[in-house]
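A.B. asks: Sharing the record's features from TrEMBL:
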- 253-385: domain 'GGDEF' (DOMAIN)
- 6-24: transmembrane segment (TRANSMEM)
- 69-86: transmembrane segment (TRANSMEM)
- 98-117: transmembrane segment (TRANSMEM)
- 123-142: transmembrane segment (TRANSMEM)
- 154-176: transmembrane segment (TRANSMEM)
- 188-211: transmembrane segment (TRANSMEM)
Amino acid sequence: MDARTLVLTLALGNLALCAALFFAAAGTEADSRRRAALATFTLARQCQAVAWLLLYFRGAIPELLAGPLANLVLFAGVALDAGALWELAGRRHWRRVVLPLLAVAGAGWLACAVLDVEAGVRVAAGSLIVALFYLAGSLALVLDWAAASMLRRFVAVATGVLALAIGARGVLALLLPQGWPGVGPAELQAVGYAAFYLMMMAGSAGYLLLAREALAHEQARLEVLDALTEVPNRRGFYQALAPWLALARRPGQPTALVILNLDQFKRVNDDYGHAIGDKVLQAMVAACRRQLRDSDLMGRLGGAEFAIQLPRTSLADAVTVAERIRQSIASMPVKVERAVITLTASLGVTTIRPDDSSVSLFKRADEALQAAKLRGRNQVAAAPAAAEPLADPAADAGAGHVA
Ligand SMILES: Nc1nc2c(ncn2[C@@H]2O[C@H](COP(=O)(O)OP(=O)(O)OP(=O)(O)O)[C@@H](O)[C@H]2O)c(=O)[nH]1
């Protein structure tokens, strides 16, 4: 296939991808979120489609468009491809590095064009700029190699190898302008465009499959994580608790469970709005976690209700921890925007017994919590030992808010 046909193939291929991305993202709100996630990749395709079209019409349109402009747009498209890969790898600040690099590369290349340097030097410079951006994209996928999926490794290696091929073609065009026996300049040029073509095919398919893989990973994470407070949700907390329920059948230190409910949280939402209520919930979780050990686990059961698992902790020690948490919440006004919001919490405490199921365990902790609420809130109540009634807080002299 001659070089001009390959250039047309690159233009049409990128245009087809632009059309597919447009229709994939048009319509509903969910689609607009998907469009935002793919925005960088889409812009890369648009830039490359324009660049290859301009290059294809070289000779029929002014040289300023088909030469300098086409190359600058191509560099932008390739830099955006690299940015999309960094974004996918979770590095959202890629613009701070990639855009200044693009400006420098573009300025350097323009200087070559204005100074009318030798064609071989321009080809080599252009190829090396493209190769370096693709290598930067490949690097984004290589960073977490040990944990990377086979797909991610494939895209990283394919992008790296094709980047090297594009760079090598440019250097060879400079060092061996006449090629060597059997491989003339036209063949070398075709090899360069073929590498671009493979990059478009493997890179685009790879990127879209990687984006789908990342989405599936995020969905799996959110199945067990509360998106607002970033602690395990009810399902995640129950999953984490299961081994401790099993362990309770063996002799040894018990595991404690604390259930915490913010008092009259509805008022915060009613007085300040849901958005501020959300921020209060986040601040409250952060305050609680500061009172816990790394081995403890906090989860959100729903609304303003949380659970805390304290491994190897007796009932008395768990009550002490719960009381510390109660005090830290009560003494920590949350500053959100111009509001200063004071909150209290009620907590129910119990330990896992050998015959407990998750149902009986949470029922007991919840009964203790309800007892704390009934006593006027801002209290810690411990569930009684088996077959004992709930302790009377008034009888627990000196225990302050702890019952
Ligand atoms: N801001 C915000 N509010 C939530 C969220 N989830 C639930 N809520 C609200 O939290 C409140 C929970 O109220 P409850 O725990 O039932 O009752 P309460 O007002 O805290 O009163 P007591 O528990 O009896 O002290 C409700 O008003 C819910 O609408 C959330 O994710 N964000």
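Just so it is clear, glycine is given a Cβ too, placed from its N, Cα and C backbone atoms.
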A.B. asks: How many of the residues that make up the domain 'GGDEF' (253-385) does DSSP mark as helix, as strand and as coil?
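C.D. replies: Counts, helix then strand then coil: 58 helix, 35 strand, 40 coil.
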A.B. asks: Tell me, what is the mean pLDDT of the domain 'GGDEF' (253-385)?
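C.D. replies: Averaged over the domain 'GGDEF' (253-385), per-residue pLDDT gives 94.
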A.B. asks: Report, as numbers and ranges, which residues of the same chain sit near the transmembrane segment (154-176): CB under 8 Å and 6 or more residues beyond its ends.
C.D. replies: 85, 120-121, 123-128, 130-132, 134-135, 137-138, 141-142, 145, 148, 185, 188-189, 191-192, 195-196, 198-199, 202-203, 206-207, 210
